[in-house]
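For reference, the structure is listed below as structure tokens.
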Amino acid sequence: MLSILSIAALLIATVQAADFSSSCPIDSPISCSSNGDTSNSCCYENPGGIILFTQFWDYNPASGPADSFTIHSIWNDYCSGGYPQFCDTSLEIDSTGSTIESIVVDQFGDQTLYDNMNKYWTDINGNNKKFWAHEFNKHGTCLNTLNPSCYSNYKQNENVYDYYSLVYQLFQKLPTYQWLVSAGIKPSTTATYTLSQIQSALKSKFGAEVYIACDSNNAINEVWYFYNIKGSILQQNYLPIDTVSKTNCPSSGIKFPPKGNSGANTLTTKTTGTTTSGSGSTSVPATSYINLTGKSGCLISNGKYYTSGTCATYHFNAGSSGNTQITSSKGNCGIDSSNQFTCSSSTSATDFQVSGGSIGYNGNFDWCLGAVTGSGSTAQTSVKLSDGSCSSFKLTLSS
């Protein structure tokens, strides 16, 4: 028998869905499509019409249950590439996350959601609330169909609660760990898998090609699911589409380490590309932000310098002859014909050197600022190898 709380939660969800079903027409257009009435910003996600749901496999240090991936976030990409972030400061919540429990539990009475967030939406450094606040401020404020103006009877913080509820509801529909295990892909300190095996296992359940990210040990690190969406995101009419990002994983030899296992006896080292039997640490992390010495800001996913917003997470993989290859969500990172650091799906894998926490290319560890695009807080500046004629700095790794 359903508990009183369960019945109440079901009624709330039903009323909310009915409210938005009546607000948005049945023939609401699909995001990234020009068919239908695309003028209603409360019933059409635009221009960020590609919806991503992303999950982590944090095995060392371990985060979340041993038999589950954990939540990263929901966010939207532009249909033409790139993504919005921190779209409306007036909608942001306290960056420490100090108000989230009060919103979810005290204001909206959803202790179950809050408990599940603490179980499955975990920060690797243990600061869950700050992580959740960051994700809402960066991504939740960019979902135009979640804007308070779209609610017929808006209650304060309702969009915040709905964002966290939507994230967890979609997570429940994407049991990545169970899908992999059912296909014979199980956490192991010795077994490896092919990219085709992993992609096929997930595609057979999801219905479209999924993005797989690997760390520098060639171990599964993250999984991204891509959608278009019909109508308001609150209606949850998600339409799976193939990934628009290029994997950084090898075609074979991909590892799926059990959580809590360092993998030191079986995983490839980050510095030499060889196998170690010890537990000694290596100097290049699996993932990192890239900062500029003496400057605020950091590099974003296309390789440009940005003074506001959030730093991109870069992945570091063993290259040839002890070098390191770098990737971002945009693809491989390399040096273009103008000696600029760049990352894209069309960039070839490039060998960099990482020494003392700094990044170099062909022995040159000095970098300079180049051309600027945009203006003000949205300005992006290219970063290029120093030729000795400019004020140089180092590109350094940071967590």
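We count from 1, first residue shown onward.
Including glycine, each Cβ sits where the backbone N, Cα and C put it.
For 1-17, the entry in Swiss-Prot reads signal peptide, with the evidence type sequence analysis.
Under the heading disulfide bond, Swiss-Prot lists CYS24-CYS43 (among others), citing similarity to another entry as support.
Look at Swiss-Prot and you will find CYS32-CYS79 (among others) tagged as disulfide bond, backed by similarity to another entry. In sequence order, SER31, CYS32, ASN46, PRO47, GLY48, GLY49, ILE50 are the residues of the chain that are 6 or more apart from CYS79 (disulfide bond) and have a CB within less than 8 Å of its CB.
Per Swiss-Prot, the feature disulfide bond maps to CYS42-CYS150 (among others); the stated evidence is similarity to another entry. In sequence order, SER23, SER41, CYS42, ASN144, SER232 make up the list of same-chain residues 6 or more apart from CYS150 (disulfide bond) whose Cβ falls under 8 Å from its Cβ.
Counting Cβ atoms from all protein chains shown, HIS72 (active site) has 21 others lying within 10 Å of its own Cβ. In the three-state DSSP reading, HIS72 (active site) counts as strand. Here Swiss-Prot flags HIS72 (among others) as active site, drawing on sequence analysis.
When secondary structure is read from DSSP and collapsed to three states, CYS142 (disulfide bond) falls in the helix class. Per Swiss-Prot, the feature disulfide bond maps to CYS87-CYS142 (among others).
For GLU135 (active site), the same-chain residues lying six or more positions away in sequence with a CB closer than 8 A to its CB are HIS72, SER73, TRP75, VAL167. Feature annotation from Swiss-Prot assigns active site to GLU135 (among others); the stated evidence is sequence analysis.
Annotation source Swiss-Prot lists active site at HIS139 (among others).
Sequence annotations record features per position, and here Swiss-Prot assigns disulfide bond to CYS214-CYS249 (among others). Every protein chain considered, the tally of other Cβ atoms within 10 Å of the Cβ of CYS249 (disulfide bond) stands at 25.
The region 'Disordered' annotation in Swiss-Prot covers 259-279.
Residues annotated as compositional bias 'Low complexity' in Swiss-Prot: 262-279.
According to its DSSP assignment, ASN291 (N-linked glycosylation site) is in a strand. Swiss-Prot lists ASN291 with the feature N-linked glycosylation site.
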Key: Rounded Cα-Cα span from CYS24 (disulfide bond) to CYS249 (disulfide bond), Å   = 40
Query = How big is the gap, in Å, between the Cα of CYS24 (disulfide bond) and that of ASN291 (N-linked glycosylation site), rounded to a whole number?
reply = 44
Query = Considering only the recorded positions CYS43, CYS214, ASN291, which residue has the minimal Cα-Cα separation from HIS139 (active site)?
reply = CYS43
Query = Looking at Cβ-Cβ distances, which residues of the chain lie under 8 angstroms from CYS142 (disulfide bond) while being 6 or more apart from it?
reply = GLY48, TRP75, ASN76, TYR83, PRO84, GLN85, PHE86, CYS87, ASP88
Cβ neighbour count (within 10 Å, all chains shown) around CYS87 (disulfide bond) = 18
